[in-house]
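Trainee: Below are the C-alpha coordinates for one structure; questions will follow.
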Ligand SMILES: C[S@@+](CC[C@H](N)C(=O)[O-])C[C@H]1O[C@@H](n2cnc3c(N)ncnc32)[C@H](O)[C@@H]1O
(Lines of atoms letter the chains of each structure in order from A and count residues from 1; the text may use other names and numbers.)
(Lines give C-alpha, C1' and ligand atoms only; values in the text may rest on other atoms or scores of the structure.)
Protein backbone atom coordinates (compact mmCIF):
# COMPACT_ATOMS: atom_id res chain seq x y z
CA UNK A 1 0.00 0.00 0.00
CA UNK A 2 1.17 3.56 -0.64
CA UNK A 3 1.46 5.92 2.34
CA UNK A 4 -1.63 7.75 1.07
CA UNK A 5 -3.63 4.50 0.79
CA UNK A 6 -2.77 3.76 4.41
CA UNK A 7 -4.16 7.16 5.35
CA UNK A 8 -7.35 6.34 3.41
CA UNK A 9 -7.68 3.09 5.38
CA UNK A 10 -7.13 4.93 8.66
CA UNK A 11 -9.90 7.40 7.70
CA UNK A 12 -12.31 4.51 7.11
CA UNK A 13 -11.46 2.91 10.45
CA UNK A 14 -11.56 6.19 12.39
CA UNK A 15 -15.08 6.88 11.10
CA UNK A 16 -16.20 3.59 12.66
CA UNK A 17 -14.41 4.30 15.94
CA UNK A 18 -15.98 7.77 16.08
CA UNK A 19 -19.39 6.15 15.67
CA UNK A 20 -18.73 4.25 18.91
CA UNK A 21 -17.07 0.99 17.88
CA UNK A 22 -13.98 -0.17 19.80
CA UNK A 23 -10.76 0.73 17.96
CA UNK A 24 -9.19 -2.69 18.40
CA UNK A 25 -12.19 -4.48 16.90
CA UNK A 26 -12.34 -2.06 13.94
CA UNK A 27 -8.66 -2.65 13.17
CA UNK A 28 -9.06 -6.43 13.32
CA UNK A 29 -12.14 -6.41 11.12
CA UNK A 30 -10.48 -4.12 8.61
CA UNK A 31 -7.44 -6.43 8.40
CA UNK A 32 -9.70 -9.47 7.91
CA UNK A 33 -11.58 -7.77 5.09
CA UNK A 34 -8.46 -6.44 3.37
CA UNK A 35 -6.13 -9.41 3.15
CA UNK A 36 -3.89 -7.68 0.59
CA UNK A 37 -2.55 -5.45 3.38
CA UNK A 38 0.79 -6.72 4.71
CA UNK A 39 2.00 -6.57 8.29
CA UNK A 40 3.83 -3.27 7.70
CA UNK A 41 0.68 -1.75 6.22
CA UNK A 42 -1.42 -2.93 9.16
CA UNK A 43 1.12 -1.58 11.64
CA UNK A 44 1.25 1.81 9.90
CA UNK A 45 -2.56 2.05 9.75
CA UNK A 46 -2.79 1.12 13.41
CA UNK A 47 -0.29 3.85 14.30
CA UNK A 48 -2.31 6.41 12.29
CA UNK A 49 -5.53 5.41 14.07
CA UNK A 50 -4.07 5.43 17.56
CA UNK A 51 -2.11 8.67 17.01
CA UNK A 52 -5.29 10.35 15.78
CA UNK A 53 -7.33 9.10 18.76
CA UNK A 54 -4.71 10.24 21.27
CA UNK A 55 -4.82 13.75 19.76
CA UNK A 56 -8.47 13.65 18.73
CA UNK A 57 -9.52 17.15 19.77
CA UNK A 58 -6.48 19.07 18.52
CA UNK A 59 -6.34 17.12 15.24
CA UNK A 60 -10.06 17.71 14.69
CA UNK A 61 -9.50 21.44 15.17
CA UNK A 62 -6.51 21.40 12.81
CA UNK A 63 -8.38 19.32 10.25
CA UNK A 64 -11.65 21.25 10.42
CA UNK A 65 -13.91 18.31 11.41
CA UNK A 66 -14.30 15.52 13.95
CA UNK A 67 -14.44 12.80 11.30
CA UNK A 68 -11.91 10.28 10.09
CA UNK A 69 -10.99 12.62 7.27
CA UNK A 70 -10.80 15.67 9.52
CA UNK A 71 -8.55 13.85 11.99
CA UNK A 72 -6.16 12.67 9.28
CA UNK A 73 -6.04 16.14 7.68
CA UNK A 74 -5.19 17.42 11.18
CA UNK A 75 -2.58 14.69 11.66
CA UNK A 76 -0.88 15.60 8.36
CA UNK A 77 -0.91 19.28 9.27
CA UNK A 78 0.54 18.59 12.72
CA UNK A 79 3.47 16.83 11.01
CA UNK A 80 3.85 19.50 8.32
CA UNK A 81 3.01 16.98 5.58
CA UNK A 82 1.92 18.68 2.35
CA UNK A 83 -1.80 17.90 2.18
CA UNK A 84 -1.92 17.67 -1.63
CA UNK A 85 0.61 14.81 -1.60
CA UNK A 86 -1.65 12.64 0.55
CA UNK A 87 -5.12 13.91 -0.36
CA UNK A 88 -4.55 13.58 -4.12
CA UNK A 89 -7.33 11.20 -5.20
CA UNK A 90 -4.72 9.25 -7.19
CA UNK A 91 -5.09 5.46 -6.96
CA UNK A 92 -6.27 4.57 -3.45
CA UNK A 93 -5.33 7.95 -1.95
CA UNK A 94 -8.05 9.99 -0.20
CA UNK A 95 -9.89 12.51 -2.39
CA UNK A 96 -8.46 16.04 -2.74
CA UNK A 97 -9.67 18.62 -0.21
CA UNK A 98 -13.00 20.26 -1.04
CA UNK A 99 -13.41 24.02 -1.05
CA UNK A 100 -15.19 23.77 2.33
CA UNK A 101 -12.31 21.76 3.78
CA UNK A 102 -9.79 24.26 2.42
CA UNK A 103 -11.76 27.10 4.00
CA UNK A 104 -11.82 25.32 7.37
CA UNK A 105 -8.03 25.30 7.39
CA UNK A 106 -8.07 29.07 7.84
CA UNK A 107 -9.56 28.77 11.35
CA UNK A 108 -7.14 29.56 14.21
CA UNK A 109 -4.90 26.63 15.11
CA UNK A 110 -5.43 25.13 18.59
CA UNK A 111 -3.17 26.38 21.33
CA UNK A 112 -2.65 26.19 25.08
CA UNK A 113 -4.87 23.73 26.94
CA UNK A 114 -6.54 22.63 23.69
CA UNK A 115 -3.25 21.08 22.65
CA UNK A 116 -3.25 18.72 25.61
CA UNK A 117 -6.12 16.60 24.33
CA UNK A 118 -7.91 15.83 27.57
CA UNK A 119 -11.71 15.56 27.73
CA UNK A 120 -12.99 19.06 28.67
CA UNK A 121 -14.80 17.93 31.80
CA UNK A 122 -11.69 16.21 33.20
CA UNK A 123 -9.20 18.95 32.44
CA UNK A 124 -9.60 21.04 35.65
CA UNK A 125 -9.39 17.89 37.77
CA UNK A 126 -6.22 16.68 36.07
CA UNK A 127 -4.67 20.12 36.29
CA UNK A 128 -5.26 20.22 40.04
CA UNK A 129 -4.21 16.60 40.59
CA UNK A 130 -1.00 16.68 38.56
CA UNK A 131 0.08 20.12 39.81
CA UNK A 132 3.44 21.21 38.42
CA UNK A 133 3.74 18.05 36.30
CA UNK A 134 0.46 18.78 34.49
CA UNK A 135 1.77 20.10 31.17
CA UNK A 136 4.72 17.69 30.86
CA UNK A 137 2.58 14.64 31.71
CA UNK A 138 -0.23 15.80 29.43
CA UNK A 139 2.13 16.22 26.48
CA UNK A 140 3.72 12.81 27.12
CA UNK A 141 0.24 11.26 27.22
CA UNK A 142 -0.25 12.37 23.59
CA UNK A 143 2.74 10.28 22.47
CA UNK A 144 3.04 6.54 21.80
CA UNK A 145 3.84 4.50 24.89
CA UNK A 146 7.10 2.60 25.14
CA UNK A 147 6.99 -1.18 25.37
CA UNK A 148 8.34 -2.76 28.54
CA UNK A 149 9.09 -6.34 29.39
CA UNK A 150 9.41 -7.89 32.81
CA UNK A 151 12.26 -10.36 33.06
CA UNK A 152 11.23 -13.41 35.05
CA UNK A 153 14.11 -13.46 37.52
CA UNK A 154 12.89 -16.83 38.82
CA UNK A 155 13.98 -18.24 35.43
CA UNK A 156 16.78 -16.09 34.08
CA UNK A 157 18.78 -12.87 34.45
CA UNK A 158 18.20 -9.57 32.72
CA UNK A 159 21.43 -9.96 30.72
CA UNK A 160 20.56 -13.47 29.54
CA UNK A 161 17.05 -12.34 28.59
CA UNK A 162 18.49 -9.46 26.55
CA UNK A 163 20.85 -11.83 24.74
CA UNK A 164 17.99 -14.22 24.01
CA UNK A 165 15.85 -11.40 22.63
CA UNK A 166 18.72 -10.22 20.47
CA UNK A 167 18.86 -13.67 18.81
CA UNK A 168 15.29 -12.98 17.66
CA UNK A 169 16.24 -9.48 16.40
CA UNK A 170 14.70 -7.67 19.35
CA UNK A 171 16.80 -5.01 21.04
CA UNK A 172 15.95 -4.18 24.62
CA UNK A 173 17.76 -2.17 27.27
CA UNK A 174 17.59 -2.32 31.07
CA UNK A 175 15.59 0.40 32.80
CA UNK A 176 17.10 1.62 36.08
CA UNK A 177 13.76 2.02 37.88
CA UNK A 178 13.14 -1.72 38.34
CA UNK A 179 15.58 -4.63 38.45
CA UNK A 180 13.23 -6.65 36.23
CA UNK A 181 12.53 -4.02 33.56
CA UNK A 182 13.60 -4.03 29.93
CA UNK A 183 12.57 -1.34 27.48
CA UNK A 184 12.18 -2.63 23.94
CA UNK A 185 13.96 -0.29 21.54
CA UNK A 186 13.64 -2.30 18.33
CA UNK A 187 11.73 -5.30 17.03
CA UNK A 188 8.67 -5.02 19.31
CA UNK A 189 6.44 -6.60 16.68
CA UNK A 190 8.43 -9.84 16.76
CA UNK A 191 7.96 -10.32 20.47
CA UNK A 192 5.09 -12.80 20.56
CA UNK A 193 7.08 -15.28 18.47
CA UNK A 194 10.36 -14.75 20.33
CA UNK A 195 11.81 -17.65 22.29
CA UNK A 196 12.28 -15.53 25.44
CA UNK A 197 8.56 -14.76 25.44
CA UNK A 198 7.40 -18.27 24.57
CA UNK A 199 9.45 -19.91 27.33
CA UNK A 200 8.37 -17.41 30.00
CA UNK A 201 11.73 -15.66 30.41
CA UNK A 202 9.98 -12.33 29.74
CA UNK A 203 6.40 -11.08 30.04
CA UNK A 204 4.78 -7.92 28.74
CA UNK A 205 4.33 -5.55 31.67
CA UNK A 206 4.55 -1.82 32.03
CA UNK A 207 7.36 -0.35 34.08
CA UNK A 208 4.96 1.08 36.69
CA UNK A 209 3.59 -2.33 37.72
CA UNK A 210 7.14 -3.63 37.98
CA UNK A 211 8.21 -0.72 40.19
CA UNK A 212 5.18 -1.28 42.41
CA UNK A 213 5.68 -5.05 42.80
CA UNK A 214 9.37 -4.56 43.53
CA UNK A 215 8.54 -2.04 46.27
CA UNK A 216 6.15 -4.28 48.20
CA UNK A 217 7.26 -5.32 51.68
CA UNK A 218 7.52 -9.10 51.74
CA UNK A 219 8.88 -9.53 55.27
CA UNK A 220 6.87 -12.29 56.97
CA UNK A 221 4.71 -12.72 53.86
CA UNK A 222 4.22 -16.40 53.02
CA UNK A 223 0.88 -16.20 51.20
CA UNK A 224 -0.77 -13.66 48.92
CA UNK A 225 -4.13 -13.19 47.24
CA UNK A 226 -4.53 -11.19 44.03
CA UNK A 227 -8.16 -10.19 44.63
CA UNK A 228 -8.79 -8.46 41.27
CA UNK A 229 -6.48 -10.68 39.27
CA UNK A 230 -7.79 -10.23 35.72
CA UNK A 231 -5.12 -11.64 33.40
CA UNK A 232 -2.88 -12.07 36.45
CA UNK A 233 -0.14 -9.55 35.64
CA UNK A 234 0.46 -8.62 39.29
CA UNK A 235 0.21 -12.21 40.60
CA UNK A 236 2.75 -13.39 38.02
CA UNK A 237 5.14 -10.57 38.88
CA UNK A 238 4.82 -11.44 42.56
CA UNK A 239 5.41 -15.13 41.82
CA UNK A 240 8.60 -14.26 39.96
CA UNK A 241 9.82 -12.03 42.79
CA UNK A 242 9.03 -14.55 45.53
CA UNK A 243 8.81 -18.07 44.05
CA UNK A 244 8.06 -19.65 47.45
CA UNK A 245 4.98 -17.50 48.05
CA UNK A 246 1.64 -19.40 48.21
CA UNK A 247 -0.37 -17.45 45.65
CA UNK A 248 -4.11 -17.34 44.99
CA UNK A 249 -5.94 -15.35 42.33
CA UNK A 250 -9.56 -14.21 42.28
CA UNK A 251 -11.69 -12.03 40.04
CA UNK A 252 -15.40 -11.30 40.06
CA UNK A 253 -15.38 -12.32 36.41
CA UNK A 254 -13.78 -15.77 36.10
CA UNK A 255 -13.47 -15.27 32.32
CA UNK A 256 -10.92 -12.49 32.93
CA UNK A 257 -8.58 -15.11 34.42
CA UNK A 258 -8.89 -17.60 31.54
CA UNK A 259 -5.32 -17.01 30.26
CA UNK A 260 -3.78 -17.13 33.72
CA UNK A 261 -3.11 -20.91 33.92
CA UNK A 262 -1.22 -20.82 30.61
CA UNK A 263 0.72 -17.71 31.56
CA UNK A 264 1.58 -19.23 34.93
CA UNK A 265 2.75 -22.45 33.30
CA UNK A 266 4.93 -20.49 30.89
CA UNK A 267 6.42 -18.59 33.83
CA UNK A 268 6.96 -21.76 35.87
CA UNK A 269 4.65 -20.45 38.62
CA UNK A 270 1.84 -22.11 40.56
CA UNK A 271 -1.22 -19.95 41.24
CA UNK A 272 -4.40 -21.27 42.84
CA UNK A 273 -7.46 -19.86 41.02
CA UNK A 274 -10.48 -19.11 43.21
CA UNK A 275 -13.95 -18.98 41.62
CA UNK A 276 -15.86 -15.68 42.02
CA UNK A 277 -17.30 -15.25 45.49
CA UNK A 278 -15.45 -18.33 46.81
CA UNK A 279 -12.87 -16.45 48.87
CA UNK A 280 -12.53 -17.67 52.44
CA UNK A 281 -9.60 -17.54 54.82
CA UNK A 282 -6.79 -15.04 55.23
CA UNK A 283 -3.58 -14.16 53.44
CA UNK A 284 -0.45 -12.31 54.54
CA UNK A 285 -0.87 -9.97 51.60
CA UNK A 286 -3.94 -9.07 49.58
CA UNK A 287 -3.54 -7.08 46.35
CA UNK A 288 -6.40 -4.98 45.04
CA UNK A 289 -5.59 -3.92 41.48
CA UNK A 290 -8.89 -2.11 41.26
CA UNK A 291 -11.05 -1.39 38.21
CA UNK A 292 -10.40 2.27 37.40
CA UNK A 293 -10.62 5.00 34.77
CA UNK A 294 -7.38 3.72 33.22
CA UNK A 295 -6.37 7.37 32.78
CA UNK A 296 -2.72 6.46 33.30
CA UNK A 297 -2.79 4.10 30.32
CA UNK A 298 -4.77 6.17 27.85
CA UNK A 299 -1.70 6.38 25.59
CA UNK A 300 -2.32 2.70 24.88
CA UNK A 301 -6.13 2.80 24.80
CA UNK A 302 -6.90 6.31 23.59
CA UNK A 303 -10.51 5.62 22.65
CA UNK A 304 -11.20 4.93 26.35
CA UNK A 305 -10.13 8.52 27.11
CA UNK A 306 -13.09 9.90 25.21
CA UNK A 307 -15.57 7.34 26.52
CA UNK A 308 -15.15 8.02 30.23
CA UNK A 309 -18.01 10.14 31.61
CA UNK A 310 -18.35 11.82 35.03
CA UNK A 311 -21.07 9.37 36.12
CA UNK A 312 -18.86 6.42 35.25
CA UNK A 313 -15.95 7.89 37.20
CA UNK A 314 -18.20 8.40 40.25
CA UNK A 315 -19.38 4.79 39.99
CA UNK A 316 -15.79 3.55 39.75
CA UNK A 317 -14.76 5.51 42.83
CA UNK A 318 -17.65 3.99 44.81
CA UNK A 319 -16.79 0.49 43.54
CA UNK A 320 -13.10 0.87 44.43
CA UNK A 321 -13.94 1.79 47.98
CA UNK A 322 -16.34 -1.19 48.25
CA UNK A 323 -13.74 -3.63 46.87
CA UNK A 324 -11.06 -2.28 49.18
CA UNK A 325 -13.29 -2.85 52.20
CA UNK A 326 -14.30 -6.33 51.02
CA UNK A 327 -10.71 -7.40 50.29
CA UNK A 328 -9.41 -6.05 53.62
CA UNK A 329 -11.32 -8.82 55.42
CA UNK A 330 -8.99 -11.41 53.91
CA UNK A 331 -5.81 -9.87 55.32
CA UNK A 332 -4.31 -11.76 58.27
CA UNK A 333 -3.26 -9.77 61.38
CA UNK A 334 0.04 -7.98 60.67
CA UNK A 335 -0.52 -8.68 56.99
CA UNK A 336 -0.57 -6.15 54.15
CA UNK A 337 -3.31 -4.75 51.97
CA UNK A 338 -2.09 -3.24 48.70
CA UNK A 339 -4.29 -0.93 46.67
CA UNK A 340 -3.34 -0.20 43.04
CA UNK A 341 -4.81 1.60 40.06
CA UNK A 342 -3.55 2.65 36.64
CA UNK A 343 -5.05 6.08 37.17
CA UNK A 344 -3.70 9.61 37.42
CA UNK A 345 -6.71 10.92 39.33
CA UNK A 346 -6.70 11.87 43.01
CA UNK A 347 -10.24 10.66 43.56
CA UNK A 348 -9.24 7.11 42.60
CA UNK A 349 -5.85 7.17 44.28
CA UNK A 350 -4.74 9.24 47.23
CA UNK A 351 -8.31 10.14 48.20
CA UNK A 352 -9.24 6.43 48.34
CA UNK A 353 -6.15 5.68 50.42
CA UNK A 354 -6.87 8.56 52.80
CA UNK A 355 -10.41 7.39 53.26
CA UNK A 356 -9.30 3.84 54.01
CA UNK A 357 -6.51 4.95 56.35
CA UNK A 358 -9.05 6.55 58.69
CA UNK A 359 -9.62 3.06 60.14
CA UNK A 360 -7.32 2.75 63.20
CA UNK A 361 -6.93 -0.96 62.59
CA UNK A 362 -4.72 -0.13 59.61
CA UNK A 363 -1.34 1.54 59.46
CA UNK A 364 -0.66 3.41 56.23
CA UNK A 365 2.84 2.25 55.28
CA UNK A 366 3.56 3.95 51.96
CA UNK A 367 2.11 5.17 48.70
CA UNK A 368 3.38 6.44 45.38
CA UNK A 369 1.91 8.09 42.31
CA UNK A 370 3.81 7.27 39.14
CA UNK A 371 3.48 9.20 35.89
CA UNK A 372 5.19 9.42 32.51
CA UNK A 373 7.86 11.43 34.34
CA UNK A 374 8.96 8.14 35.90
CA UNK A 375 9.24 6.67 32.39
CA UNK A 376 6.09 4.60 32.95
CA UNK A 377 2.35 4.76 32.55
CA UNK A 378 0.34 6.57 35.21
CA UNK A 379 -0.08 4.26 38.20
CA UNK A 380 -0.74 4.46 41.93
CA UNK A 381 -0.05 2.08 44.77
CA UNK A 382 -0.61 2.27 48.47
CA UNK A 383 0.33 -0.24 51.18
CA UNK A 384 -1.51 -0.68 54.49
CA UNK A 385 -0.57 -2.97 57.36
CA UNK A 386 -3.18 -4.59 59.55
CA UNK A 387 -2.38 -3.95 63.18
CA UNK A 388 -2.55 -6.86 65.57
CA UNK A 389 -5.82 -6.64 67.52
CA UNK A 390 -4.02 -7.54 70.80
C1 LIG B 1 -7.42 -3.40 36.58
S2 LIG B 1 -8.16 -4.92 36.27
C3 LIG B 1 -6.99 -6.06 36.92
C4 LIG B 1 -5.76 -6.24 36.08
C5 LIG B 1 -4.86 -7.37 36.54
N6 LIG B 1 -4.56 -7.30 37.95
C7 LIG B 1 -3.56 -7.45 35.76
O8 LIG B 1 -2.50 -7.06 36.27
O9 LIG B 1 -3.62 -7.92 34.61
C10 LIG B 1 -9.44 -4.97 37.46
C11 LIG B 1 -10.13 -6.31 37.62
O12 LIG B 1 -11.01 -6.21 38.72
C13 LIG B 1 -12.08 -7.08 38.49
N14 LIG B 1 -13.19 -6.73 39.42
C15 LIG B 1 -14.15 -5.79 39.27
N16 LIG B 1 -14.97 -5.77 40.36
C17 LIG B 1 -14.49 -6.71 41.20
C18 LIG B 1 -14.90 -7.16 42.49
N19 LIG B 1 -15.97 -6.64 43.11
N20 LIG B 1 -14.21 -8.16 43.08
C21 LIG B 1 -13.12 -8.69 42.46
N22 LIG B 1 -12.70 -8.31 41.24
C23 LIG B 1 -13.36 -7.32 40.62
C24 LIG B 1 -12.38 -6.90 37.02
O25 LIG B 1 -13.09 -8.01 36.49
C26 LIG B 1 -10.97 -6.74 36.43
O27 LIG B 1 -10.50 -7.95 35.93
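Cβ atoms here come from the backbone N, Cα and C positions, even for glycine.
Fair warning: this is a prediction, and the values are worked out from it, not measured in the lab.
Here TrEMBL flags 342 as active site, nucleophile. The S-adenosyl-L-methionine binding site annotation in TrEMBL covers 251, 289. Summarising the annotation, TrEMBL assigns domain 'SAM-dependent MTase RsmB/NOP-type' to 137-390.
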Trainee: So what sits near residue 289 (S-adenosyl-L-methionine binding site) in its own chain, CB-to-CB under 8 Å and at least six residues off in sequence?
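Mentor: Long-range Cβ contacts: 226, 227, 228, 229, 230, 233, 234, 340, 341.
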Trainee: Per-residue pLDDT averaged over the domain 'SAM-dependent MTase RsmB/NOP-type' (137-390) comes to what?
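Mentor: Its mean pLDDT is 97.
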Trainee: About how far apart, in whole Å, are the alpha carbons (Cα) of residue 251 (S-adenosyl-L-methionine binding site) and the residue listed as 'active site, nucleophile'?
Mentor: 17
